[in-house]
Amino acid sequence: MRAYPRLILTAVTVMICMSLPVQTFNAGQGTSVHPASRLAREARSLQSNQIEAGNSSSYSGALDSQSSVEKQRHIIEMMRHAWNNYKLYAWGKNELNPISKRAHLSSVFGSGEMGATIVDGLDTLYVMGLTDEFREGRDWIAEHFNINEIDSELSVFETTIRFLGGLLSCYALTGDTIFRDKAAEVADALLPAFETPTGLPYALINPSTNASRQYHWADSNSILSELGTLHLEFSYLSDVTGREVYKNKVDKIREVLYTIEKPGDLYPNYINPRTGQWGQRHISLGALGDSFYEYLLKAWLASNRGDEQARTMFDTAMQAALDKMLRVSPSGLAYLAELKYGWVIEEKMEHLSCFAGGMFALAATTLENSFSERYMDVARKLTHTCHESYFRSETKLGPEAFRFSNAVEARAQKSDEKVYLLRPETFESYFIMWRLTKEQKYRDWGWEAVQALEKHCRVEGGYTGLTNVYHQNPQGDDVQQSYFLAETLKYLYLLFSDDSLLSLDEWVFNTEAHPLPIKGKNPLYRMASTPVPIEDNRV
């Protein structure tokens, strides 16, 4: 009999000395035996003497002394608060305006009813054992999610990481084929964007018309972090459907990026899909570049280390990046600056780059080579710097970007840099660093963030971002991002879980925190039994 993966254990299972096997969640049977359901039931009955649902001023210092299991229960309650208000005020729409209590119609996916928060947050519900909420989300997807009915432009990148990634994660976790089939529909809707002379996709596509184009602000170029952050999802989709068409598309992207000449072993953020030539030589491990490098490492991990080309590309690029982009402030804080034509253009680091601490830690611990020690040292230092950007704000939440000079370190200076958009990247690094080092400070820092979120971001209608993290009573931006449910709360929950829950030995998280199984190591990989015949392998 096939052994169940370590996913089945949760922190509460360990704490109460239970080891019950989990069976696949089957929506058709109307029941669930996910072992986290007990924890979920306890979370439902958790009294709000520490937090009264719907009262943004209900933060209490009593949160400080809770155990890890109690902290998990608390984060589950946060998830339920975010989900229930989305359900109440914006069900089926993409995101929520939690202050004005209505649907957010100007999100990255526009006003269409794609249910971005449902698809993005569903695997978090499952992992937390919120089976009733999971079931209602699953049923909405089965009955109402039809990407081909969307008559507006969608980002190929965002649709891949949130929708395709979220659906594939739910398929891996549950085996429910509705998720696999809907994932294939999403990928099929995106495929026309890849019809370029080089195979590098355009940025935007209209699923109803198949028309695709670039962002106006990028001129004729595609974005490195977007076209380079499709590999995990498309490769896994090919394996679970038996249709090679998806993997062929991302393999073509890899071929172009592998063979093109790289300036100083680095990859500029812009590339023209018609000519295959680089655009302006702007290089970043923040916006426009970040997740390309993340996916090189994770493609190698997801393939059970079989994709050696990806690991080689990662190590070569990271050595160049650390030599040229890693900076140290006057007080000793390490940060990743941006380059343009080989020169540092600004002494600042973006919140988006704060994922890099976790990335370098994974690189250090998954392959022992001459780079390992350097990677781990950088991982610790970057994670510390990102924590400092939180600690140095009045809200204890981090700004969108922070600068370094003789006068200012790890603080934002421009108004558009002072916002907090419910971002997860720093918590992602806390989670990975805790799992790999067991240094208590990472859990302490994560709990500080939970308290700050409750004090400043929680409102009656959900959770809001902030317009200025340096105000003691900051104004909310009135947006509950779908990734708050997909990433922020998931990483904080896992930070306090047992290592066996979504073990890093068996799962790889896509850049939207959707866990995908490692091939050959995770019995939930769910490889298609037979390949699809070539004549049926086209869209």
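Cβ from N, Cα, C; glycine included.
Summarising the annotation, TrEMBL assigns signal peptide to 1-24. The active site, proton donor annotation in TrEMBL covers Glu158, Glu400. Positions annotated as active site by TrEMBL: Asp290, Glu425. Residues or ranges marked as disulfide bond by TrEMBL: Cys354-Cys386. Residues annotated as Ca(2+) binding site in TrEMBL: Thr511.
Recorded residues Cys386 (disulfide bond) and Glu425 (active site) have their alpha carbons 9 Å apart, per Cα-Cα distance. Of all the recorded positions in the record (Asp290, Cys354, Glu400, Glu425, Thr511), the one with the smallest CA separation from Glu158 (active site, proton donor) is Thr511. Comparing Cα positions, Cys354 (disulfide bond) lies closest to Glu425 out of the recorded positions Asp290, Glu425, Thr511. Around the Cβ of Glu158 (active site, proton donor), 20 further Cβ atoms fall within 10 Å across all displayed protein chains. Between the CA atoms of Glu400 (active site, proton donor) and Glu425 (active site) there is a gap of 11 Å, rounded to the nearest whole number. When the alpha carbons of Glu425 (active site) and the residue listed as 'Ca(2+) binding site' are compared, the span between them is 10 angstrom. Under a cutoff of 8 A between CB atoms, and with a sequence separation of 6+ in the same chain, the neighbours of Asp290 (active site) are Ser225, Ser284, Leu352, Ser353, Phe355, Ala356.
Same-chain residues at least 6 positions away in sequence with a Cβ under 8 Å from that of Thr511 (Ca(2+) binding site) are, in sequence order, Ile161, Gly165, Thr229, Ser291, Glu294, Tyr295, Phe355. Of all the Cβ atoms in the protein chains shown, 30 others lie within 10 Å of the Cβ of Cys354 (disulfide bond). The candidate set comprises the active-site residues Glu400, Glu425. Of these, Glu425 has the most other Cβ atoms within 10 Å.
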